[in-house]
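Novice: Annotations for this protein, taken from TrEMBL, read as follows:
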ACT_SITE  B:Ser174  active site, nucleophile
ACT_SITE  B:Asp340  active site
ACT_SITE  B:His373  active site
BINDING   B:Arg244, B:Asp374  substrate binding site
COMPBIAS  B:1-18  compositional bias 'Low complexity'
COMPBIAS  B:19-29  compositional bias 'Basic and acidic residues'
DOMAIN    B:69-378  domain 'AB hydrolase-1'
REGION    B:1-29  region 'Disordered'
Amino acid sequence: MSVQEVLPLNGLAGDQSGPFRADHLLVAEMVKPGSKVLDVGCGDGDLLQLLETRGIDGRGIELSREGVNRCVAKGLAVVQGDADTDLVNYPDDAFDYVILSQTLQATRQPKVVLENLLRIGRRAIVSFPNFGFWRMRLQLLIGGHMPRTENLPASWYDTANIHFCTIKDFVELCDEIHVKMERAEALDLYGRPLRLRLPWWVWNLFGEQGVFLLTRGGK
Amino acid sequence: MVGVKSVPSPTIPSPTISADDRSHEVDHPSSEVALFGADQPLRLDCGVDLTPFQIAYKTYGELNADRSNAVLICHALTGDQHVANVHPVTGKSGWWETLVGPGRPLDPSKYFIICSNVIGGCMGSTGPASINPATGKVWGLDFPVITIPDMVRAQAMLIDRLGIDTLFAVVGGSMGGMQVLQWTAAYPSRVYSALAIACSTRHSAQNIAFHELGRQAVMADPDWHNGAYADQGIHPHRGLAVARMAAHITYLSDAALHRKFGRRMQDRELPTFSFDADFQVESYLRYQGSSFVERFDANSYLYLTRAMDYFDIAADHGGVLAKAFAGIETRFCVVSFTSDWLFPTSESRALVHALNASSARVSFAEIETDRGHDAFLLDVPEFFDISRAFLQSAGKARGLTGKNG
């Protein structure tokens with residue numbers, strides 16, 4: 001799935017003006033320079049490349065062989081693996097940040113994966129498409145069929161996404177496993193953050209995706 | 001029954017290249033040789049100091065001014081230093097010309113490529129087929145048992161001799177891959193990047209079992225004479241050919257054999273009701289066996305298979321594989337093949353997990369192919385793409401410049 005390439009607004013991502021996705025720029029902004037990052041489900045390695053331009057030591061895991069090959073071709077340190085089964089092999093505190101970008105919904109055990117992210121990394125950054133987005137709701141409410149969007153174009157029967165959730169669902173899961181939300185952003189259709197500090201239900205309705213910076217320890 | 005059909009011998013054909021051709025390469029190879037005298041013994045794991053000894057090697061390309069473009073290729077069990085040139089014994093092209101050569105991932109116009117015959121080999125490096133200077137006779141079984149770390153220690157001495165401190169890359173598949181991993185474990189600061197293909201950090205029980213089968217085939221040959229066959233001027237080629245046939249099956253896959261041969265007959269319509277090579281696959285294996293004995297020494301086969309059997313990096317580090325790579329800065333690329341049952345992907349995965357646990361920078365790709373373990377020697381474009389990209393990105397990080405940047 002590809003999110004539209006949009007330049008950042010209001011200097012969100014510094015002077016970066018490369019062809020990077022807006023949500024990647026937001027994620028990259030959450031990572032302190034010089035840190036060590038594991039990108040789980042790194043796809044073609046675009047985010048890892050962006051992180052490397054900022055002096056961040058990035059590693060990746062990707063399920064698809066083609067994705068791994070493209071990453072290696074970009075000189076990235078990526079291994080073929082499955083977030084559901086391979087994360088258990090990573091030692092505690094191996095990374096400063098573990099990123100799960102647009103992948104949570106494709107895991108078999110999102111809760112276990114999330115717990116692993118915060119075991120391996122001191123912090124985790126998770127982004128996912130919000131199924132509570134108004135267009136999704138409308139397609140189900142009015143259209144009566146499983147929603148499809150530009151970013152999630154697959155039909156229900158051939159999608160790799162098996163565990164969709166809403167921003168609200170995710171917030172509840174974080175509560176349940178005592179994960180602290182250090183920062184939360186809802187992005188609009190173009191990957192731009194909703195600028196205002198709005199109540200959760202508004203984000204849940206108008207955020208096309210959520211991006212969360214998480215730490216251990218809970219409320 | 002009317003008449004008796006003439007049935008060819010069911011045994012393996014004799015080699016067509018004389019033993020002299022091969023034995024000449026043992027001590028006087030047609031490649032470069034590095035001699036190490038009494039002042040530089042090779043300390044072996046078995047406790048023996050091997051001295052004097054020699055390492056035969058080939059180089060391709062030129063070392064750059066800051067000596068940063070050297071690539072060491074480690075050969076597999078029955079390979080040798082003739083990686084990208086015509087083989088002096090068989091007259092065939094180099095065993096890894098798919099990977100090494102102009103426009104290939106390892107381009108001699110860009111890298112200084114070194115490939116040495118391993119210690120214990122029979123193509124010019126000191127091994128059981130060499131003359132023991134103490135007796136003036138062929139070493140045979142008096143040669144000390146060697147290990148993969150011994151091979152790597154000898155290579156390191158060669159690299160020192162060539163005036164190279166840090167290798168840009170160490171590359172190898174199968175037993176060569178084991179040497180790559182041993183290089184990184186033993187000399188982490190001397191290896192900038194490591195490409196380990198179709199290998200493992202330890203030899204599995206199944207693989208040891210296959211090797212034992214091969215060794216027993218050699219030793220069961222009446223021409224073997226307890227390893228002292230050289231004194232008799234003969235070579236136990238039947239036993240060695242059987243060993244090679246068994247090993248060769250493990251290098252392939254059922255699917256590849258089926259695709260190549262199926263149950264097709266060789267030069268006939270009907271079975272001969274004999275033990276002649278009726279099936280194409282039988283002829284193929286017999287050919288593989290007989291062509292192998294032309295260029296390889298039987299005792300060397302015993303020693304090198306033994307070296308692989310003993311290999312276990314974790315065991316050398318208190319049983320914890322990750323400890324072998326603790327704090328390592330080498331850039332790794334690990335490649336496995338889906339149909340490789342000698343070194344299955346699960347073993348590469350275990351290595352990658354250990355490297356991850358050591359915080360090493362590692363890429364890992366499994367390549368889909370039905371061609372089995374041998375795939376690393378064959379024309380598999382996806383494998384070359386990955387090798388090329390890995391070396392290029394490592395070269396970029398290392399600041400290497402040159403053609404095909």
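Yeah, the Cβs are placed from backbone N, Cα and C, and that goes for glycine too.
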Novice: Do me a favour and check the Cα-Cα span between B:Asp340 (active site) and B:Asp374 (substrate binding site); whole Å is fine.
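Specialist: Spelling it out, the Cα of B:Asp340 (active site) and the Cα of B:Asp374 (substrate binding site) are 8 Å apart.
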Novice: Around the C-beta of B:Asp340 (active site), how many further C-beta atoms are within 10 angstroms, looking at every protein chain?
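Specialist: Counting Cβ neighbours of B:Asp340 (active site) within 10 Å gives 28.
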Novice: Round to the nearest Å and give the CA-to-CA distance linking B:Asp374 (substrate binding site) with B:Ser174 (active site, nucleophile).
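Specialist: Just about 9 Å between their Cα atoms.
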Novice: For B:Arg244 (substrate binding site), what is the tally of other C-beta atoms lying within 10 angstroms of its C-beta?
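Specialist: There are 25 of them.
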Novice: In angstrom units, rounded to an integer, how far apart are the Cα atoms of B:Arg244 (substrate binding site) and B:His373 (active site)?
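Specialist: B:Arg244 (substrate binding site) to B:His373 (active site), Cα-Cα distance: 15 Å.
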Novice: State the Cα to Cα distance, in Å, between B:His373 (active site) and B:Ser174 (active site, nucleophile), rounded to an integer.
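Specialist: Here the two Cα atoms are 8 Å apart.
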Novice: Which value does the mean pLDDT take for the domain 'AB hydrolase-1' (B:69-378) in this predicted structure?
Specialist: 95
Novice: Using DSSP with the three-state reduction, classify the residue listed as 'active site, nucleophile' as helix, strand or coil.
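Specialist: In three-state terms, the residue listed as 'active site, nucleophile' counts as coil.
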Novice: So if I measure Cβ to Cβ from the residue listed as 'active site, nucleophile' and keep only same-chain residues at least 6 apart in sequence, which ones fall under 8 Å?
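Specialist: Within the chain, the residue listed as 'active site, nucleophile' has Cβ neighbours under 8 Å at B:Ala76, B:Leu77, B:Ile197, B:Ala198, B:Cys199, B:Leu342, B:Phe343, B:His373, B:Phe376.
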